[in-house]
Amino acid sequence: MTTMKQLNIAVVVAVTVLIGMLGSSEAQLQMNFYAKSCPNAEKIISDHIQNHIHNGPSLAAPLIRMHFHDCFVRGCDGSVLINSTSGNAERDAPPNLTLRGFGFVERIKALLEKVCPKTVSCADIIALTARDAVVATGGPSWSVPTGRRDGRISNLNEATNNIPPPTSNFTTLQRLFKNQGLNLKDLVLLSGAHTIGVSHCSSMNTRLYNFSTTVKQDPALDSQYAANLKANKCRSLNDNTTILEMDPGSSRTFDLSYYRLVLKRRGLFQSDSALTTNSATLKMINNLVNGPEQKFYEAFAKSMEKMGRVKVKTGSAGVIRTRCSVAGS
């Protein structure tokens, strides 16, 4: 007959095992995970970036965006890289149609496969290239613990539903970040990546020409800035190709300029403007702008490392794809 003491012990053991299972994926990520299995892995990645980023400095922003978009769908598992013959993969979703850097990541993967076959995951390559590309262009560095495994499922609808669109209001942003275990501080800091890179008129045209049924132009957008965009960049609602700097005049420098523009109502996206509609996030932005740039760098680094741990697959939970674009490789 089972005693109460035995039942209590069983419960404690079950809870302990459950806690271990919940925390195991994060615990198995570690610095220098490939130290024995592929000791030159991180150097191969950083060397490739150093050798090529100066020929295409604008690639840093797409690589950090790729990392962000990967982590927001099924966790940081490299599934954003998968090609689909049916056009139903994450990269076919509207938020990812303007993603760049797929070939760059695949070339790095090929280099690693020659040296260490079936060892370094595509998910880790994305995380490391995002960090190294930002550093190579003068931005902040952050810790990237490795050991992620790759997923083999990549779904268009999941990407559409989980990646925050540029038209997001504050409620949507808060919900989508919370779904990934990220808080308002992370929202503000990770939005700071908009300090580098470019977008297209298609991502913000509705703010200029078709904001709502009653107002054509978004009243939250600085009128002078809007007039300039209409006159010189996005001349019509149907312009889907013209390139726009997300941080005009400073789009290749990782600095606080983006936040200053947001406070001036000159953030390019509706999601940028949304950060000023909540008292907590507005206060955070003001604190960043009034503080030293190094403080922003340090806080941004912590949020990037936190995002890089979102729902990661480790051990038997994932695989090592030999080609990042092929689910079954």
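Quick reminder: no glycine exception, Cβ is built from N, Cα and C everywhere.
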Per TrEMBL, the disulfide partner of CYS201, chosen from CYS122, CYS234: CYS234
Distance, HIS69 (active site, proton acceptor) to ASP77 (Ca(2+) 1 binding site) (CA atoms, angstrom): 11
Stretch-averaged pLDDT - the domain 'Plant heme peroxidase family profile' (28-328): 95
Neighbouring C-beta atoms (10 Å sphere around the C-beta of SER79 (Ca(2+) 1 binding site)): 29
Distance [Cα-Cα, Å, rounded] between ASP70 (Ca(2+) 1 binding site) and HIS194 (heme b binding site): 17
Cβ neighbours within the same chain of GLY75 (Ca(2+) 1 binding site) - under 8 Å, at least six residues apart: GLY151, VAL310, LYS311, VAL312, LYS313
List of residues, in chain order, with Cβ under 8 A from that of HIS194 (heme b binding site) and at least 6 apart: MET246, ASP247, TYR258, GLY267, LEU268, PHE269, ASP272
